[in-house]
Amino acid sequence: MAPQLLLCLILTFLWSLPEAESNVFLKSKVANRFLQRTKRANSLYEEFRSGNIERECIEERCSKEEAREVFEDDEKTETFWNVYVDGDQCSSNPCHYRGTCKDGIGSYTCTCLSGYEGKNCERVLYKSCRVDNGNCWHFCKPVQNDIQCSCAEGYLLGEDGHSCVAGGNFSCGRNIKTRNKREASLPDFVQSQNAILLKKSDNPSPDIRIVNGMDCKLGECPWQAVLVDEKEDAFCGGTILSPIYVLTAAHCINQTKMISVVVGEINISRKNPGRLLSVDKIYVHQKFVPPKKGYEFYEKFDLVSYDYDIAILQMKTPIQFSENVVPACLPTADFANQVLMKQDFGIVSGFGRIFEKGPQSKTLKVLKVPYVDRHTCMLSSESPITPTMFCAGYDTLPRDACQGDSGGPHITAYRDTHFITGIVSWGEGCAQTGKYGVYTKVSKFILWIKRIMRQKLPSTESSTGRL
């Protein structure tokens, strides 16, 4: 019985062997999912073959040095290695506004185009008023995380939300008769057209006027106003702000008993009573101190009388605008300080005196003068430069235009619109090297000017007021 049982067990074992084989051994296709054979590197002829990135790093794992041997270039190796180690971080195009992505190990770097910043170039810089004025043509105001553009009076905001479109033929600050190429050729010489502080010249010469200035052609300085006395002699300048308001210097007000205004003229040699505009009311800044009695305009200087040196004339009848008579635009304080006064140049114009105590120039002159750094301005002056003043001009020329157009305009152009930035006020000496023209800083008085211009007073007898 026992031999029969043993035989049965042996037969059963032999019968089960094929089944066991099918359970232990997998088909090659299935087995390759789990087991992969790597081709052996550095075979007998490996070192004699040129580098191949597929053989070195794709078919087998390679080191950075091995990759370097293939590329033979550090930059190409670095680019490959950053992707090889952990994939391409730039594949999702993380850099906005056409920024350029550079992959790194576990990171990436965006190189932004001009005007954009942030890790992903996601911040548009011109949405800050501090950068290119927010791309606004006139005024820029920050609003939460954005900016808001607006325009000077008489202009409409363009559909793009940045540009300003003139709403009429005689909108402020428009130089209708453009200077074309003459603008670029305006002389870069300082002629501080003021000479309130004067020393007598040893050799007065008829050539000393707005030195190297150019004639301002008809319509090129349309905001220029001239203050004349009862004899129609010009004694100060002014700037047209609106049909009934003209800006000037406060120290001009006490120079004559009667003030009339002339506009639209480039030659004042001919008397013409019909062109005179009567002044209805005069507003002098409340902090301006008039010169003392017995004050001689050319020989004495009282600094107190030149701080807050600003006044506004109100006309009895409106000024008629034309292509030769246009007001200058009034800026906001921020726009003037942060944009206009950071330009290279301003433009001054006037009928400057020919020489010290000499007659006025009969033709209107214009020139551009650079803004002067405040610290340099203060160091150059023996008299204090107050916060209501700024300097413009050069320090190297030995001549300037003594006793010119006090009260006249200092204009700064921005995107083809001309804004009032200063009033010709005073200067130390005449033709002195290292000295600059000093101007009333209009940005300090924007609210004061607007408060006066909002008034609509009935016509009254000519009078002088203080506000």
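Each Cβ is built from the backbone N, Cα and C atoms, and glycine gets one as well.
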From CYS136, CYS140, CYS164, partner that Swiss-Prot gives for the disulfide involving CYS151: CYS164
CYS136: disulphide-linked cysteine among CYS129, CYS149 [source: Swiss-Prot]: CYS149
Segment-level pLDDT (mean, integer) for the domain 'EGF-like 2' (129-164): 93
Collapsed DSSP category at GLU75 (4-carboxyglutamate): helix
Tally of DSSP helical, extended and coil residues in the domain 'EGF-like 2' (129-164): 4 helix, 14 strand, 18 coil
Per-residue Cβ crowding (10 Å cut-off), top of recorded positions GLU60, GLU69, GLU72, GLU75, ASP309: ASP309
Reduced DSSP assignment, GLU69 (4-carboxyglutamate): helix
In sequence order, the recorded positions (GLU60, GLU66, GLU72, SER92, ASN254) whose C-alpha falls within 10 A of ASP309 (active site, charge relay system): none
